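Participant: When I checked TrEMBL for this same protein, it listed these features:
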- 15-54: DNA-binding region (DNA_BIND)
- Gly90, Ala91, Gly92, Arg93, Leu94, Gly95: NAD(+) binding site (BINDING)
- 80-180: domain 'CoA-binding' (DOMAIN)
Amino acid sequence: MKKPVPQATVHRLSLYARYLGELESQGEDYISSERLGVGVGTNGAQVRKDLSFFDRFGIPGRGYPVSFLRKRLANILGVGDRVWRVAVVGAGRLGAALVGYSVFEKQSFHFVAILDNDPAKIGTRVNGLEVSDIRDLRAVVASENVEVAIITVPVYSAQQVADMLVEAGVRALLNFAPAKLDVSPHIALRNVDLAVELEGLSFHLINR
């Protein structure tokens, strides 16, 4: 039985893959674990430990093949040859900004729908997508084959929206609402609380 991979390791894999992509574009062929670690703010020992969950990638005396390792990490992260279809629920400023952020497309996440319950927003367009009525969520998820959903609604409606998405068949949720969502263990859920992140920054600023 394979050891469970810590979430912190998964996070660093994304950083490794991104940094390797930069090096590949610069024509780099090999990189040491030490340099890879420094490039993402950690160390060589941590890099080796993280990669040991999956395989042996390095070549003794030469390090890691940059292009091969980047592609391997992309496949491990599920963004190699696959494109994930994403819906955003909440067509406010945050939801609209996410839909308009082109980097996600480069990272294999394709926005296919945006939904809201505000009559003033329904039918308008956000970065080429027509805002759908939240009441049509089940039909939109089915017709657009939505696999990942991003929740950018007010805290008081976040749980209801999450329930609707899960019932519609969405298997992965990224929640920006400052709410603790209750979902089934088989649903992949990640929470991004911007207020908590800012408080972390303020803590470091006053405790330097």
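The backbone N, Cα and C atoms fix where each Cβ goes, glycine too.
Automated prediction, rather than curation, is the source of TrEMBL annotations.
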Participant: Can you tell me which parts of the same chain pack against the DNA-binding region (15-54), counting only residues 6+ beyond its ends and a CB-CB cutoff under 8 A?
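Facilitator: Same-chain contacts beyond the flanks: 2-3, 5, 9, 62-67, 69-70, 72-74, 76-77.
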Participant: Using a 10 Å cut-off on Cβ-Cβ distances across all protein chains shown, tell me which of the binding-site residues (Ala91, Leu94) has the largest neighbour count.
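Facilitator: Compared across Ala91, Leu94, the most Cβ atoms within 10 Å surround Ala91.
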Participant: DSSP secondary structure for Ala91 (NAD(+) binding site), reduced to helix/strand/coil, please.
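Facilitator: Its secondary structure by DSSP: coil.
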Participant: So among the binding-site residues Gly90, Gly92, Gly95, who's got the most Cβ atoms within 10 Å?
Facilitator: Gly90
Participant: Note the Cβ centroid of Gly90, Ala91, Gly92, Arg93, Leu94, Gly95, the recorded NAD(+) site, then list each other residue of that chain whose Cβ lies within 8 Å of it, in sequence.
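Facilitator: Those within range, site residues removed, are Val88, Ala96, Ala97, Leu98, Asp116, Thr152, Val153.
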Participant: When a 10 Å sphere is centred on the Cβ of Arg93 (NAD(+) binding site), how many other Cβ atoms does it contain?
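Facilitator: Excluding its own Cβ, Arg93 (NAD(+) binding site) sees 9 Cβ atoms within 10 Å.
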Participant: Using DSSP, what's the helix, strand and coil tally for the DNA-binding region (15-54)?
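Facilitator: Across the DNA-binding region (15-54), the residues distribute as 27 helix, 2 strand, 11 coil.
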